[in-house]
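Written below as structure tokens is the structure these notes are about.
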């Protein structure tokens, strides 16, 4: 049967990864400006995410603005949005399936084989969610790196990796690792009972020999 301890470990790892995927999707710090300004008093930090761009001043004031148009966004931002939203949805479905399929829950106890397969399906969806997140974050980071090292990019327009990218990488790793643990707990199919049958001794040799009855005329005077 499936190892319930390994299932619980995989579930909580994948659940933490899914929460991190949600946080990475919502955070606006996918890339941050590496130029602080010439004057410390007027320094402004710029952040950009999938849904908004923010500016934080040295006084602590932060102003954020949502992107006005969906069609006006760059293709990599739209692709990253789609991948992250798909990852969040896959993680939600995987969470439900994993709860139903884990051995420690009471749902579907009458069919442990089907219950184990449901847990494996949940683990596979967690892995897909992690891969979607890993693709979106890595693709975005690659473009940020290319823009940073592009000689034609002005110094005040160069960006570096934001905290959301690191959260996304860590969350993707947790989701893939937890989903792998759930997939590794596949229950073995039940085998027919092959226990040896109890030994039953056959009839004795004396019992197997036929009994010959003599006719009455062949008996002696004493009846023998």
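Glycine is no exception: its Cβ is also placed from the backbone N, Cα and C atoms.
Swiss-Prot lists 54-64 with the feature disulfide bond, giving similarity to another entry as the kind of evidence. Over all protein chains present, the Cβ of residue 64 (disulfide bond) has 13 other Cβ atoms lying within 10 Å.
Residues annotated as region 'Disordered' in Swiss-Prot: 191-224.
Sequence annotations record features per position, and here Swiss-Prot assigns topological domain 'Cytoplasmic' to 1-7 (among others) based on sequence analysis.
Among the features that Swiss-Prot reports, topological domain 'Extracellular' is placed at 29-81 (among others), with the record citing sequence analysis.
The topological domain 'Cytoplasmic' annotation in Swiss-Prot covers 103-117 (among others) and is backed by sequence analysis. Over the topological domain 'Cytoplasmic' (103-117), the average per-residue pLDDT in this prediction is 75.
Taken from Swiss-Prot, the feature topological domain 'Extracellular' applies to 139-160 (among others), supported by sequence analysis.
Positions annotated as topological domain 'Cytoplasmic' by Swiss-Prot: 182-224 (among others).
Under the heading transmembrane segment, Swiss-Prot lists 8-28 (among others).
What Swiss-Prot records for 82-102 (among others) is transmembrane segment, and it gives sequence analysis as the kind of evidence.
Long-range neighbours of the transmembrane segment (118-138) within the same chain, counting only residues 6 or more positions beyond its ends whose Cβ lies under 8 Å from a Cβ of the stretch, are 2, 7, 10, 14, 17-18, 21, 24, 79-80, 83-84, 86-88, 90-91, 93-103, 108, 165, 168-169, 171-176, 178-183, 185-186. For 118-138 (among others), the entry in Swiss-Prot reads transmembrane segment, with the evidence type sequence analysis.
Taken from Swiss-Prot, the feature transmembrane segment applies to 161-181 (among others), supported by sequence analysis. Within its own chain, the transmembrane segment (161-181) has Cβ neighbours under 8 Å at 6-7, 9-21, 23-24, 27-32, 47-49, 91, 94, 122-127, 129-131, 133-134, 136-138, 140-141, 144, counting only residues six or more beyond its boundaries.
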Sequence-distant contacts of the topological domain 'Extracellular' (139-160), meaning Cβ under 8 Å and at least 6 residues beyond its ends, amount to 30-35, 46, 48, 76-77, 79-80
Within 10 angstroms of the C-beta of residue 54 (disulfide bond), the count of other C-beta atoms across all shown chains comes to 16
